[in-house]
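Peer 1: Questions regarding the structure given below will be posed in turn.
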Amino acid sequence: MKLQKSELPALLERIYSEVTPLYGVGKTADYIPPLSRVNPRQFGMAIRFVDGDEFTVGQASTPFSIQSISKLFALMLALDIVGDDLWKRVGREPSGMRFNSLLQLENENGIPRNPFINAGAIVVTDTIVNHSASPVKRLEQFMASLSGNVFNRYDPEVYVAEARTGYRNAAIANLLKALGNLEGEVDVVLDSYYKQCSMTMSCLDLARATESLANKGKSSFRTQFHGERMDKRVNALMLTCGLYDAAGNFAYQVGLPAKSGVGGGIVAVLPGYFSVAVWSPELDSYGNSVLGQKALELLTHYTSSSIF
């Protein structure tokens, strides 16, 4: 990485000044009412190095709805619980179709392509539900153990909106059940899934929570962690499947494993160096933050950092 840490504060300010003119290019997620009401003119960014040094700019400490970024933490927890047995129920390939496709799920006998599309994430949540007395609390505690912030919780208003508008997710869960790949009760699994997607965290929380993915599974906040080289496996899935239908273009433009959510957040890691989280609510047509993607592209450009 061609940059001294002492130069990072100035670089982050430069990135901030270069991305904020993009306000208005995208739009907030209008199909989840609480997200549509978020002030769109916000941007935050936080970087955490594997030695614990942190740098931030903008609204890096502002909590927001992490949405599909929660699928990353649910995956890590499910793998912590059942290990490679999870892959008997969900694949590890890009889908090539919409993240909430029913057609692909039925054509492939109820085995979702990967854990980041909705069908795969629901199977992951089902795994947690079937191994936990209180699955939502267990996930909250797991995420708190990664971020060091015990106040990360789901947002009740967002949860209610998710549940009221989640018709397609209900269809996916029922199809999974019909095809024999949902062990729990549909309503119970969906309730946990909606609460999971409604979790709130800040950029700083997310950068800390993904530190282990940049540091060979080692976390500053958690003494025991997931299995051998979990970071390698999860990072591979983020690179190929982490940004909906734009994963290939993001790998080309940015060159880091990453996971996004329609709340406007993106987490990314440069293994051996740092984890980074960005947030800005306005999305492109693929559901990814316009300013967030540009900020990460500028970061890797100015620091000559990439996994490639």
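Just so you know, glycine gets a Cβ as well, placed from its N, Cα and C.
The following feature annotations were taken from Swiss-Prot:
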BINDING   Ser68, Asn118, Glu162, Asn169, Tyr193, Tyr244, Val262  substrate binding site
Peer 1: Excluding near sequence neighbours, so keeping only residues 6 or more apart in the same chain, what lies with its CB under 8 A of Glu162 (substrate binding site)?
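Peer 2: The list for Glu162 (substrate binding site) reads Ile32, Tyr194, Cys197, Ser198, given in order along the sequence.
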Peer 1: Around the C-beta of Tyr193 (substrate binding site), how many further C-beta atoms are within 10 angstroms, looking at every protein chain?
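Peer 2: A count of 29.
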Peer 1: Which value in Å gives the longest Cα to Cα span across the substrate site residues Ser68, Asn118, Glu162, Asn169, Tyr193, Tyr244, Val262 as recorded?
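Peer 2: Largest pairwise Cα separation, rounded: 19 Å.
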